[in-house]
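Worksheet for the structure shown next.
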């Protein structure tokens, strides 16, 4: 079967999103069944205050974003003393002393003056039963992120961009936060120029999450590795989490892509990891990772060592047949171009998927080309 047929549904969903007043398609993998705002009549916020109100109220909502909502300057700026753990060169991020982080963890780092935009620090609260959908390439939230927390569930974030959240400053803000939640689908989202994490799942149970066909764009003038490659990618740290990463484009990063620990079962399938000056996977205690059908192109270190968690890297055709007992198929090989290796043959992870909704996987042959054309907002 040709890839243009295998991925036709995903590609068609993005093409039609320009005019569709609502969610297109359905979540694959662990967040399968999420409905967001369902059949609620679409609303079109026109101001930042209206957007915050719609996202935070208790009504099921289909919220259509047809413009840029720029939060920069809406809460003023703060000038204070921070620190420079990675040096003071022009490409290095410096850190805000949020919750005394510099004092407690970087006491020997040089002190520096920091001036940051206060709106970026605390993301917008998204309550249960919300669909946030961008119209074409128009739906942008700038200078502030989103957070699905404190028991919120059944949330869809589709076809938007979240950008420009204090990119010079660690602790300047995250793009999307999920914590103490369930059934969250992040789809065809672009994140760019973020101070801290592009996506973070916090330490409470975040349960069922799918991140699909999204672009994590790590290009930045500032990074913790001082090389123009953003370090803080995707951090999965929940206490009872099942996460599907499918069809995403992870570009120009240097670390935490993803960092997996806590008690997190991760299915990483058919993603493109491209142009990393650093490491991709970081697997800590309580991280259970099954990776198949992914492409690693120009990635220095595919998996940081030592691995404290568990990894099944779909290492060879014979071993991959063991997936059939739970998946109903063999797992797909990963592909590597000018990249490091990925070694992990812990087949015990396969049984953890029993009874779960498992995303389909395709061979990696055309994944890179397809993903570059189709992942992210408006594609």
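Heads up, the Cβ atoms here are built off N, Cα and C, so glycines get one too.
The signal peptide annotation in Swiss-Prot covers 1-20 and rests on sequence analysis. Under the heading disulfide bond, Swiss-Prot lists 83-102, 92-226, 323-331. According to Swiss-Prot, the N-linked glycosylation site annotation covers 129, 252, on the basis of sequence analysis. The active site annotation in Swiss-Prot covers 256.
Here the features listed in Swiss-Prot are placed on the structure.
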residue : record                      : DSSP class
83      : disulfide bond              : strand
92      : disulfide bond              : strand
102     : disulfide bond              : helix
129     : N-linked glycosylation site : coil
226     : disulfide bond              : coil
252     : N-linked glycosylation site : coil
323     : disulfide bond              : helix
331     : disulfide bond              : coil
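Candidate disulfide-bonded residues: 83, 226, 323. Fewest other C-beta atoms within 10 angstroms, 226. Long-range Cβ neighbours of residue 102 (disulfide bond) (same chain, at least 6 residues apart, Cβ-Cβ under 8 Å): 81, 82, 83, 85, 95, 96, 109, 111. Sequence-distant contacts of residue 331 (disulfide bond), defined by Cβ-Cβ distance under 8 angstroms and a gap of at least six in the same chain, are 290, 292, 293, 312, 314, 320, 323, 361. Here residue 256 (active site) comes close to 197, 231, 232, 233, 234, 235, 282: these same-chain residues lie at least six apart in sequence, with C-beta atoms under 8 angstroms from its C-beta.
On the backbone, the CA of residue 226 (disulfide bond) and the CA of residue 252 (N-linked glycosylation site) stand 13 Å apart.
Between the CA atoms of residue 129 (N-linked glycosylation site) and residue 252 (N-linked glycosylation site) there is a gap of 33 Å, rounded to the nearest whole number.
Take the CB of residue 252 (N-linked glycosylation site) and look out to 10 A: across all protein chains shown you find 19 other CB atoms. In this structure the C-alpha atoms belonging to residue 92 (disulfide bond) and residue 252 (N-linked glycosylation site) are separated by 15 Å.
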